[in-house]
Amino acid sequence: MVQPAMTQFLNSVLSQRGPSAVPYSEDTKWLIRQHLVALTTAFPSLEPKTASFTHNDGRSVNLLQADGTIPMTFQGVTYNIPVVIWLMESYPRHPPCVYVNPTRDMIIKRPHPHVNPSGLVSVPYLQNWTYPSSNLVDLILNLSLHFGRDPPLYSQRRPSPSPNPNPNPNPHPHPPNFGNSSSNLSSSSSSSLSGYPHHHPPSRTYPPSPYPAPASRVQNTEDPSEVFKRNAINKLVEMVHGDVSSLRKTREGEMEGLFSLQGVLKQREESLNKGLKEMQEEMEALEQQLQIVLMNTDVLEGWLRDNQGKKIGGLENPEDAFECVDVLSKQMLDCTAADLAIEDTLYALDKALQVGAVPFDQYLRSVRSLSREQFFHRATAAKVRAAQLQAQVANMAARNQRYGS
């Protein structure tokens, strides 16, 4: 049963922000919490805590650790081995660092196949660590199995004699019961640790573990068929993960290309809409010009019908051959003729002044009088032109209705 205080402690540590935050990636903090909760549920003798870890380069970092004892069975007797499991910055993608934590009256067996003189543990499970299937519970079971075959710690004092069911002499020294031993490291062993935190944890007493390591469960983890099956599953997971990553990169590249193509298509759409709008405006202008041409055509056809068969040889004045269609047109014709006649007169006066045929004072009086008269004719022509334009617009609207119907 997981204690609420321990769960609250993990939630508090993993949710911290700022300088005091633990250096784990955000996407793995939930899995780290699950690993520690499962570990304390299976092995209550291991307690999660935080401590400062000093790397070989002198850099210190605040990390999570599981400190306590793990049970092992040696010659039918269960012993508790003090260990410290450090969850490094790259955990759980990389394996944790496991150290045996001998007390003052313990020594590390030399040589040991899985523990070096500094206490660093190296077992095949750590070497073959696979993310995300590997976990701390299976690690402890594997350590218990290996330590039961070859205990890593021995007491400096001779243990008290105990009844031995095996009458044959044991070639290996009998490991002590580490249940009531303190967990402080000796100064000689702590100075030789590579990558081990340079601090001494406070003295504490480890009670004997009431949970002996289940032999059947340990044996199952080392079953060759189970190991092969687990490795095959892990390999398949890695292959699927690689395929998914490559497929995602390919799809992302395709999406980038499609987004670029979408931008080009939007620009072309804007260009086409602009061209279509210009063509519509031009078509409207052409339709207006067509209406004007049709109106002028009707006017010319009407004039031809009215003057068809007439002879102009008997007319005294050739100007009488042209007949204005309305009063405004006749008034515009008179104003334009008078304006042009005055313009010719002014030109003739300029020439006469240059040759000296007209006195200068008479020239000024004549120009002043003619200019005033020309101004009135031009003003009248402008008013007549405006009236004609209004009449043309009204006539065009009537013709549009006629052609539209």
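Every residue gets a Cβ built from N, Cα and C, even glycine.
In TrEMBL, annotation is done automatically, which means it is predicted and not curated.
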Residues flagged as coiled coil in TrEMBL, choosing from 45-72, 101-128, 269-296, 297-324:
269-296
For a three-state summary based on DSSP, what are the helix, strand and coil counts in the domain 'UEV' (13-157)?
37 helix, 48 strand, 60 coil
Determine the mean pLDDT over the coiled coil (269-296), rounding to the nearest whole number.
93
